[in-house]
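So the structure is just underneath, and the comments pick up after that.
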Amino acid sequence: MQKLRRPITITFFPFLSGLIFSRIFPVFNDLFSYTCILSVIFLSGILGLKYKKSVKIFLMLLAFAVGCFYSFLSNDLIPINHIVHKITSGEDALLSGTVVSIPEEHKDRTSFILEAERLEKKDKIFAVTGMVQANIYKGGGNVDYGDRLKVYARLVVPRGYKNPGGFDYQKFLKSKGILVIARIKNDLFIADKIKGAGNPFLEWVYDWRKFLIDRINGNFVTPNSSMLVATLFGERSSLTEEIEKTFKRSGTYHIFAISGFNIGLVGFIFYMLFRIIGFKPSIASFPSIIAVVFYSVLAGMQPSVKRAMIMTAVYFVSVIIRRENEIYNTLCIAAFVILVIEPNAVFDVGFILTFAATFFIIYLTPKFNNVLKFIPFRYMRGLVSASLSAQIGVTPVLAFYFNSISLTGVLANFVAVPIASLIFGTGIFFLFCASIPSMPLFYVVRALDLMLSSMLEVVEYFSRLPFSYIRVFTPGFIEISLFYILIFLIVYSKGRKMAQTVLIFLAVILTCSFFTNIFPSFGSDEMRITFMDVGEGDSVFIRFPDGKTALVDGGGTRDDRFDVGGQVVAPYLFFSRIKTIDYLILTHPHPDHMNGIKAVLDNFKVKNFREGCATDNRSLNYSLIKEKIQKGNIPQKRIMSGEEFKIGKDISIRFLNPSEKLCDRKNGFWKNMNNQSLVFQVIYKKVKILFSGDIEKEAIEDIILRDADIKSTVIKVPHHGGKVSGNSELIKKVSPEIAVISVGANNPFGHPSEQTLEDYKKSGAKIYRTDINGAVTLRTDGFRVWVETVM
């Protein structure tokens with residue numbers, strides 16, 4: 001039999017491919033398919049061994065099949081007594097379970113994972129299993145790890161926002177084994193709490209962690225206290241929004257994420273300590289592994305911490321067995337172990353960033369060291385080389401997930417990382433001293449204070465530089481592949497003229513594709529209108545045949561707790577390769593239509609702003625939007641009914657509301673901003689699309705009384721399908737073929753109403769809902785309309 005060198009490397013990539021294949025093509029995810037595949041592979045393996053053929057192909061096929069099957073077992077086999085099978089999304093119930101994570105404090109809630117045990121609803125009791133994401137609002141009730149709770153909660157199956165190119169919150173939670181969210185109104189809804197139901201060792205460690213964080217908060221003031229807690233424990237909930245933004249813009253936010261940097265530093269400190277004492281490398285590695293595992297538990301054992309712990313532990317094991325020089329094999333083994341424990345990590349941005357950065361640090365740092373010989377001191381040269389290598393490795397990943405690239409990241413990290421390393425090392429010493437009663441801490445605190453303040457000043461300086469970071473389109477698979485191919489070609493070109501010409505050409509094409517749309521749809525006569533899924537709100541993107549664009553509303557939440565504009569609308573626009581909005585239209589300044597516009601103004605060039613007579617100067621967000629528009633010198637105009645303007649030769653936009661009557665402050669109509677919503681038709685040849693904002697009875701009657709021609713092919717149903725939306729006279733006048741309802745799943749308002757749905761069904765209109773269909777895209781050539789949905 002042929003002897004295999006590095007069998008892990010041979011089997012890892014097929015196993016990884018199997019995990020990815022199973023997620024991308026779920027049609028094959030059934031027990032029968034995998035049984036057949038495994039049978040064929042085992043049969044071919046037996047035949048291969050019999051005829052003394054190479055076993056490599058057999059092992060690779062087997063690893064691929066195992067990867068597919070393992071992903072299927074991890075994701076698609078849900079126990080029959082899982083809580084998700086016992087609830088209807090949005091219902092209230094009494095849930096009992098044990099807190100199995102460290103509770104995280106946020107501005108408006110306390111979050112933790114509850115292992116479900118018992119469910120009571122409608123006089124029925126169920127024994128259940130499964131992890132539940134629990135959120136207690138308006139106070140956390142002093143919940144700790146290991147508490148057994150009985151809570152009155154609204155149980156929801158997570159859905160997220162379903163838009164092309166958007167972040168899938170449901171898949172994100174599912175990858176962590178969470179299929180249900182429990183929303184607990186406040187700590188008064190905790191019916192019972194029993195301490196000490198968790199693992200005694202973990203309870204002791206987490207109590208000690210709490211004590212240490214209290215010691216930090218008692219010896220330091222904000223923002224230094226919150227930065228030190230984030231650096232040592234990865235606990236970022238106390239960081240201010242401004243601090244987070246500053247570190248993100250400078251490309252140094254990773255300092256606050258407990259990752260390979262922190263865990264590796266702990267291992268390095270203990271390893272060097274035992275080496276100085278006189279222990280051999282293999283012996284010094286054992287206590288280093290113990291230290292790494294203990295610190296990881298103390299840091300909360302989040303997924304990123306767990307991955308870093310495994311990577312560091314695998315490296316020390318390679319030192320023990322004297323294989324530390326086989327660094328790529330060690331990297332594969334670490335990834336293999338992580339994916340066996342967490343198969344869904346293959347699509348986790350943290351996993352991808354960690355291994356992309358690590359691989360390119362290993363691969364490119366020696367090459368940069370040779371190029372950067374002019375930099376004095378070996379340590380400085382190594383630091384710059386490692387920073388450059390990591391930055392190159394993660395650039396496509398950051399562009400894909402976050403649509404941003406830091407231009408000052410290498411320089412900022414060159415200065416900030418050494419300071420952060422000193423802070424971390426000194427911080428570990430502070431934690432040791434703080435654990436000893438009556439230990440004087442004055443000089444350690446002063447030193448840490450100075451280092452933290454210095455790091456913040458450095459980061460603030462780089463974040464203020466022009467173009468410290470830039471926004472980019474969401475790159476596709478081809479662009480990401482080209483980027484990495486380009487890097488490998490540069491390394492191996494070695495000055496060959498033809499190779500250099502090809503490299504320059506590829507670099508120009510790739511750069512252009514990241515920042516501009518180099519493949520526009522020339523000559524298309526289609527207009528595309530996408531009703532985005534923004535929950536209980538409105539946001540519609542229009543791309544006209546001549547390439548001009550319009551955004552109608554930006555979505556938003558009523559309490560502004562979640563940034564719909566930054567997290568939902570902007571990613572969709574980046575994915576659609578949009579950088580300019582020709583017309584930004586605000587139908588009326590209610591939070592669910594308006595709040596997301598802030599992020600649009602921050603991230604895109606807006607050429608024109610249009611709104612109706614409705615204003616809300618009491619709203620901070622409305623004031624901020626108007627301020628951004630004025631600072632950006634964006635032309636703005638208030639629109640009234642009867643106005644019309646053309647876009648190109650075939651598109652006209654005709655405004656039907658608000659009328660002078662509804663805007664007149666002498667009558668009572670102006671008090672209801674819904675009735676002052678901009679209502680308009682987009683007319684393209686024979687096709688008319690009616691945008692109706694949130695108009696209610698008075699505005700509907702006013703439009704009908706003015707005998708306006710509102711017959712339309714498509715209607716955006718008013719006010720998220722509320723009761724008034726089913727106005728039979730309105731439906732009769734519009735006579736739509738298609739009705740689109742922008743509405744949030746499990747919303748507290750009962751939208752859309754059954755009466756409205758019934759009225760539109762009776763009219764013969766085909767109904768599409770963003771809570772059921774996700775984003776709804778209409779394509780029209782001016783004569784026909786085609787509909788595409790995400791779900």
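Cβ coordinates are placed from backbone N, Cα and C, and glycine is handled just like the others.
The annotation transmembrane segment is assigned in TrEMBL to 31-49 (among others).
Among the features that TrEMBL reports, transmembrane segment is placed at 56-73 (among others).
Sequence-distant contacts of the transmembrane segment (253-274) (same chain, at least 6 residues past either end, Cβ-Cβ under 8 Å): 227, 230-231, 233-234, 236, 239, 244, 247, 283-285, 287-289, 291-292, 295-296, 299-300, 302, 304-305, 307-309, 311-312, 315-316, 350, 354, 357-358, 416-417, 420-421, 424-425, 428, 455. Sequence annotations record features per position, and here TrEMBL assigns transmembrane segment to 253-274 (among others).
Here the transmembrane segment (281-298) has long-range neighbours at 202, 205, 208-209, 233, 263, 266-267, 269-271, 274-275, 305-306, 308-309, 312-313, 316-317, 319-320, 322, meaning same-chain residues at least 6 beyond its ends whose C-beta is under 8 angstroms from one of its own. The feature transmembrane segment is assigned by TrEMBL to 281-298 (among others).
Taken from TrEMBL, the feature transmembrane segment covers 333-363 (among others).
Residues or ranges marked as transmembrane segment by TrEMBL: 383-402 (among others). If you look at the transmembrane segment (383-402), the same-chain residues 6 or more away from its ends with a CB under 8 A from one of its CBs are 251, 349, 352-353, 356-357, 359-361, 363-366, 368-369, 372, 375, 409-410, 413-414, 417-418, 472-475, 479-480, 483-484, 487, 514.
Residues or ranges marked as transmembrane segment by TrEMBL: 414-437 (among others).
Here TrEMBL flags 469-492 (among others) as transmembrane segment.
Residues annotated as transmembrane segment in TrEMBL: 498-519 (among others).
According to TrEMBL, the feature domain 'Metallo-beta-lactamase' maps to 536-745.
Residues 208, 212, 215-216, 219, 228, 231-232, 250, 252, 255, 261-262, 265-266, 269, 383-384, 387, 444-445, 447-448, 451-452, 454-455, 458-459, 462 of the same chain sit 6 or more residues outside the transmembrane segment (414-437) yet have a Cβ under 8 Å from a Cβ within it.
Across the domain 'Metallo-beta-lactamase' (536-745), the model assigns an average pLDDT of 91.
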